Amino acid sequence: MADRTAPNCHLRLEWVYGYRGHQCRNNLYYTAAKEIVYFVAGVGVVYNTREHKQKFYLGHNDDIISLALHPERVLVATGQVGKEPYICVWDSYTVQTVSILKDVHTHGIACLAFDLEGQCLVSVGLDSKNTICVWDWRRGKVLAAAPGHTDRIFDISWDLYQPSKLVSCGVKHIKFWSLCGNALTPKRGVFGKTGDLQTILCLACAKDEVTYSGALNGDIYVWKGINLMRTVQGAHGSGIFSMNACEEGFATGGRDGCVRLWDLNFKPITVIDLRETDQGYKGNGHCEGELWALALHPTKPLAMTGSDDRSVRIWSLIDHALIARCNMEEPIRCAAVSTDGIHLALGMKDGSFTVLRVRDMTEVVHIKDRKEAIHELKYSPDGAHLAVGSNDNSVDIYGVVQRYKKVGECIGSSSFITHMDWSTDSKYLQTNDGSGRRLFYRMPSGKEVTNREELKLVQWASWTCVLGPEVNGIWPKYSDINDINSVDANYSNQVLVTADDYGLVKLLRYPCVKKGAKFKKYLGHSAHITNARWSHDYQWVITIGGADHSVFQWKFVPERKSKEALHIAPQETLADSNSEESDSDQSDVPEMDSEIEQETQLTYRRQVYKEDLPQLKEQCKEKHRATAMKKRERAPGSGVKLHFIHGYRGYDCRSNLFYTQTGEIVYHVAAVGVVYNRQQNTQRFYMGHDDDILCLAIHPLKDFVATGQVGRDSSIHIWDTETLKPMSVLKGFHQLGVCALDFSADGKRLASVGLDDNHTIVLWDWRKGEKLSAMRGSKDKIFVVKINPYLPDKLITAGVKHMKFWHKAGGGLIGRKGNMGKTETMMCAVYGWSEEMVFSGTCTGDICIWRDMFLMKTVKAHDGPVFSMHALEKGFVTGGKDGIVALWDDTFERCLKTYAIKRAVLAPGSKGLLLEDNPSIRAISLGHGHILVGTKNGEILEVDKSGPITLLVQGHMEGEVWGLATHPHLPLCATVSDDKTLRIWDLSPSHCMLAVRKLRKGGRCCCFSPDGKALAVGLNDGSFLIVNADTLEDLVSFHHRKDIISDIRFSPGLSGKYLAVASGDSFVDIYNVMSSKRVGVCKGCLNYITHLDWDKRGKLLQVNTGAKEQFFFEAPRGKRQTIPATEVEKIDWSTWTCVLGTSVEGIWPVISEVTEVTAACLSNDRKVLATGDDLGYVKLFRYPVKGKYAKFRRYVAHSTHVTNVRWTHDDSLLVSVGGGDTCLMIWAHEPEGHREFKQCDSEESDIESEDDGGYDSDVTRENEINYTIKALSTNMRPMTGVKPHLQLKEPSVDERPPVSRALPQPEKLQTNNVGKKKRPIEDLVLELVFGYRGNDCRNNVHYLNEGSDIIYHTASVGIVLNLTTSCQSFYVEHSDDILCLTINQHPKFPNVVATGQVGDTGDMSATSPSIHVWDAMTKQTLSVLRCFHSGGVCSVSFSATGKLLLSVGLDPEHTVTIWKWQEGAKVASRIGHTQRIFVAEFRPDSDTHFVSVGIKHVRFWTLAGRALLSKKGVLSSIEDARMQTMLSVAFGANNLTFTGTISGDVCVWKEHILVRIVAKAHTGPVFTMYTTLRDGLIVTGGKERPSKEGGALKLWDQELKRCRAFRLETGQIIDCVRSVCRGKGKILVGTRNAEIIEVGEKNAACNILVNGHMDGPIWGLGTHPSRDVFLSAAEDGTVRLWDIPEKKMLNKVNLGHPACTISYSPEGDMVAIGMKNGEFIVLLVASLKIWGKKRDRRSPIQDIRFSPSSRYLAVGSTECAVDFYDLTLGPQLNRINCCRDIPSFVMQMDFSADSTYVQISTGAYKRLVYEVPSGKQVTEQTHIDRITWATWTSVLGDEVVGIWSRNTDKADVTCACVSHSGLNIVTGDDFGMVKLFDFPCPEKFAKHKRFLGHSAHLTNVRFTNGDRFVVSAGGDDRSLFVWRCVHAPH
């Protein structure tokens, strides 16, 4: 039998020929040591030119495509392709990995760049979004990520002169990025008129924001800021691929083959033309196409390669150099050297072959006999013949001496020829073909050999075929794939090398006869390796890569040498050379131990994870909405509390039992962490988990414990064993479960291993909750992870056939396999007395002793597996399956002592009985003079050093526990389990197991007789027995059924006359107990029976079946009865354990499709029904539970199924058993009125109360508002037709001749009162904003600087208003509407403000929602946090220290997130609530506690590490309290929280329990509350009618008991306060009506600081003809007069109807207002009296205008008409005429300067001109061109085509206004932009400046007189912006 192991010799990479220059650029650098670093295929190469040596970096597993050099020039970063590509940062000197960056990019990493300091690395992915990611590469942490561009990015560079700025370029774009917080924000480079928009290939940054870039056409583009400044034309003939900046200047390299040097101002210096030099570079390789041909010289160390690039090259294997090269006519596919080494034959792709002389590369012959490619050529060993195999399925034989005459032909193959070999005597040839056939031919004739006998003795000269018995082993088992391209055998060393399509070179033994042989594998080549050959003296293997064009030279290290090489550290690779994939028969694997076998089979998968419940509930709720609305039964008054658990999880977990600091014992079972006090025999519980805990580790100080659980996204909790509070929760990395944990020696780090398919290993900084590193562990299960106590960057893992040594590298871990022949399965491992010593226990009972990663020796320690070991100060303790505890010295030389776990040595104080001797030991721990031992049978024992053993805790063994019965009058219970035992437990404080008996089969049910003397037990084979309850000895047994006995019950009454026995085959047998006979059978059930109950008289049986049927039978005969539901309730049942029927209808949850209620039990006082279900919940209901979905209390402790629950005889305890978790849990019942018990174990209820949470129009509006994203906004007016910039211009009839003899064209616009010199306007500067966002945002007005400034927001602007000067300053960095604002109250961060804005999807791009943190005084951005809150950020709050920021999103999950805002790092994030959360605020004294309120929601949150834990508010402590919609929150001392509700009440909470309600604190909703930090007083604001006593603003004491009300003198009928803030003696109030008011606390005086329109849009805007005042008219029915110099509102008029338009008369003495209802009003300005009003239309008036002569009034409406009125006829305003035939509604109107024409822009994108006052249309274009207009506000017309931009497909330009000087036009659009153009602008897409600030939809824009200001009016933001015009200098 051939040796099945991998060969002992190995290969070492010695040289790589080639350089990757195709499809890659900028990948060649000099290091600090003057070495050259570059990459080829998957290998990083460091080439020393002086010594001509290469070093290799082998950390990648696929092609490297990008490389960057660290500024210190020692470290290199390389990025690769692949499905999960990663970046490696490595040391070019040692070629070892320093850091691995992974888990962000997909497809590949296209570019990399280090910043100037070398702290950050930026990478660009090849994914569809070309994601850009900035890394803190040492920590492996992502600092920021953003979508880069829609098309490929070719280069990215840090700006070396400005910190945190980057530039990227690529296909048709260049982008300038700034990094702030976690946000990368791009600005696109503006090509403008300076150069063409084109693809940019490379970049270099210079001083003063100058960037140089190389373009595809060979120009260099020079950028200043984001604008193209100039171009250097024709710097290269074509594309510039590379640019490099240094102190002296720049170097550029292009496709034209030139390198050009430039000075610092980009003036040319010199040109180096590489086309003329000879082969300069040593690392020369093939380029383009594929490389297939390889031949080695028969006598010299030379290799010949030929490629698709038509070149043939000869390499010297000793000098590592190219020594000859020659180009052929055709691509070369194969090569061969004649036996004498004189001729080189080359097979071509076109079917020809050429023979050259090796010495001078001259041609001997060129022959073409075939049409298709030649795949293989071979000279015969005697040198006489050449065999040529082609794609035409044939082999031709040529005679060498006859000048290559064709002498034979082999034509047996039906497919192309792939491989050939000659026999040593040159008489035979074997071939392989593409169809996988192996054929033999006689030579030289070419006749096929069919008789295999004559081949038996043939010796083959070479073996390069992939088929044949000798090489069977190269193919994996069960595979028919042909992915092995090349094979070559080394006969003398009996090894075989193979090359395949996956880039692997493998070394196997030769011959290898059996499939799936073991091998060693080597990575390096990318994708496919086309050929592999041994050199003539077998010193080297040469392999060539198809796509990577590279030639690799491997040194062969034979066996004897490889032993000496051991002390040389193996070169670091991420792949193992000792392959894991190679599979083989079990022959060399020892028999696996049955226990371990079972354990590796466990998957811990769940049908339903608890994480899925909220979604399931939501889905089911929809279905049951109707029933849920009905009144639901309320929850019971009494509760239970977990008291004691019998059980310990030992059957599938190890090393999970420890002593704490205080000598208590900590372990886990089910979903509970247990702290057991052995002196008092009591237990305390950590209840933070919601599913099975699988592992437990203790902190080195023994005060904290880490536990890991099962879960879809499973979590690890680190908790304090004293307080039982979580310190940190780690989530988000492990799927399915966590199976191993370990703390580092300093206690700062934690390592964990997941149950996912790759058994991912994660290293955490657990306090911060940060993942430091992660890596795939192994395909097989890992049992242990241990961190090196001396070097916390190192760790080991051990598991199934696995022992690995890891060290941290950045965000990754690098692992190496332990060096032992055959890795055994390891069950446990510990570090020894020095950093390199490791000891591991195997599944065969050995202890392996390791040093570093080498196995030093093994010691036999146990019979069977070593499951647990523990390192002591001096020595070790081990425990095994043999039930022996052994103490060893510190080198495992001597075993000092052994303890056998036996019944005989059990001490008298034990709390139970040992089931068997020598139970398998699963956990060992030492401390307090004892050895603590956990066994597989679920026992915890304490072994005294002197020998006696005390049993402390025990539970059932593996198997499900179902049977449970409580004694009729003693505190006892009995359980029976699938572990084939029946046990009796003492429920009194001694908590011990009193008796146990083994059964021949497992059991599922048991029951005490009414007198307690007998105990009936039903078994799984259909039999049952009755035993004596004291001694457990048999009284009687029966076996009548085949199927499992599912329930068993004695009839009531002293004797318990009958026994009912239910079985799985759907019968209930009734036995007479006294006569021991079956007396009746209940038939008629259709399904297995689940529950039985007797009535009090013992005459009637109630039965439930698995099909949810309920039946009744009469005893003893078993006759079936039908009883109506109403009667069932009247029957007096002796017990109630059934789950069906009307009286328990409410116990079935909403999600009953996925979960069963498995058990129920009614308390003896008939008040409380306890149930158990499949999700592990124990619930209590108030009995009877009528109506669906009753409310309940629920408790989580069991992990998956609660199989049974029972009350004790006096209702003082509830006992439950939990199926698979083997636990018996005892719950203390705490009756009603017993108030002090903590309700924290109980959660209230499944469905939130469906009673609605109250209604208020303002709340509803705020909840339902849909914030539009500006960038996506659509048009506001219902326009029709073709947009102006898309309309085709009809040429006018008579095109004017170029030289016009006519009069010069008149002015387009009458330019009045602008003085002599007209100056164009260059810029607009925001001067004033009138507006405050109060109607749908809250808590957004604050004092700054001791009350001298206030801060608030509107639209997308943050406004700081100085109260003394009334000057405003603005923060304008937001790209969209601000929704929330908060200030940092910590003195360390004065004037720091956070604002959150609206956004699109949370994809981290520029339109994503974001939070800006900024300085209110300097307006400097301190941090930008891009978030995943799709929709927007609706609440922000700083923590007590000011370092953390809390944000809440508008996304469907209403996510709650916590940030470290200074670093831009997300600390934690969690789904908040299914409905809207309005506010979330940190407690003012805390960095970890906060409260969120929203629609029927209040939650109390704790930040633990990186996890957010939350508790719902508990209402039940107050009668009839219901969950209402909560709107606001404030805080008091001693953990008090106040929440304001929609009804006006304020709820007062102590921790999370409601303790008091302040009824009607306001009459309407309490919208806002403010906690004053300095004195604790609380301000509340709500919605209320002002009255003598009350007002919408109140100031309360610290406990919200007394208050003082303030009236806001606003004149409103109802005041609605949306924001309050309290300063020194003043209260600041923001109202729904967009007012901000300051109220004095002493005199209650109100001072209005800010006014605004309360409802929008603001449609009308009119500027005064001569003063700097203007009017606005809005939807809120008011017209307001604003004064710009005074910065305030002068007056307002309530019209009672929404207004749409407003206009001053030319003299400014009259005002006309158009209304939404079709009416219009003319007012006199002086008196504000109405001069006249008229309503001739029924639909909105869109524009109203006085003629310049003041005679006519034109009124344009939505009814497609313009009416003319003559004002000289007096105030009755009779219509004198109107314009007809207008195609759509009227938008804007302008009069001509002489008042005889009017131009109208309409909703059909048409502009029309009419005569005044006749109303006749003017159609002649020449006529229209000669009109001079008085004003121009039209967005249509040839003169203004240029104002329409490209991206107005869904949105429009809505308004425009030409300046009085006639030189500029300013426009407003649906995107909320104000733009400034030159006028006229007839060219499409004219140049302009744009100004942001408004929300979507600008409605109007106007110049004030003298062009001093521009006023713009907002639609969505109800705000007026005043911009100061900056005029060009003269």
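Here the Cβ of each residue, glycine as well, is placed from N, Cα and C on the backbone.
According to TrEMBL, the feature domain 'EML-like first beta-propeller' maps to 53-279 (among others).
TrEMBL lists 250-265 (among others) with the feature repeat 'WD'.
Taken from TrEMBL, the feature domain 'EML-like second beta-propeller' applies to 291-555 (among others).
For 293-317 (among others), the entry in TrEMBL reads repeat 'WD'. Confidence in the repeat 'WD' (293-317), given as mean pLDDT, stands at 85.
Marked as repeat 'WD' by TrEMBL: 367-398 (among others). Distant neighbours of the repeat 'WD' (367-398): 333-340, 343, 345-355, 404-411, 413-426, 429, 431, 433, 441, 443-444, 446, 461-462; these residues of the same chain sit at least 6 beyond its ends, with a Cβ under 8 Å from one of its Cβ atoms.
If you look up TrEMBL, you'll see 567-597 (among others) marked as region 'Disordered'.
Under the heading compositional bias 'Acidic residues', TrEMBL lists 578-597 (among others).
Sequence annotations record features per position, and here TrEMBL assigns domain 'EML-like first beta-propeller' to 682-942 (among others).
The repeat 'WD' annotation in TrEMBL covers 859-889 (among others).
What TrEMBL records for 961-1228 (among others) is domain 'EML-like second beta-propeller'.
TrEMBL lists 1239-1259 (among others) with the feature region 'Disordered'.
If you look up TrEMBL, you'll see 1242-1255 (among others) marked as compositional bias 'Acidic residues'.
Marked as domain 'EML-like first beta-propeller' by TrEMBL: 1368-1638 (among others).
If you look up TrEMBL, you'll see 1658-1925 (among others) marked as domain 'EML-like second beta-propeller'.
The residues of the repeat 'WD' (1664-1692), classed with DSSP into helix (H, G, I), strand (E, B) and coil, number 0 helix, 17 strand, 12 coil. As annotated by TrEMBL, repeat 'WD' applies to 1664-1692 (among others).
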Open item on the list: Below 8 Å between Cβ atoms, which of the listed ranges 53-279, 291-555, 961-1228, 1368-1638, 1658-1925 makes the most pairs with the domain 'EML-like first beta-propeller' (682-942)?
Closed with: 53-279
Task: Residue distribution over DSSP helix, strand and coil in the repeat 'WD' (293-317) - done: 0 helix, 16 strand, 9 coil
Task: Counts of helix, strand and coil residues, the repeat 'WD' (859-889), according to DSSP - done: 0 helix, 20 strand, 11 coil
Task: Tally of residues which DSSP labels helix, strand or coil - the repeat 'WD' (367-398) - done: 0 helix, 18 strand, 14 coil
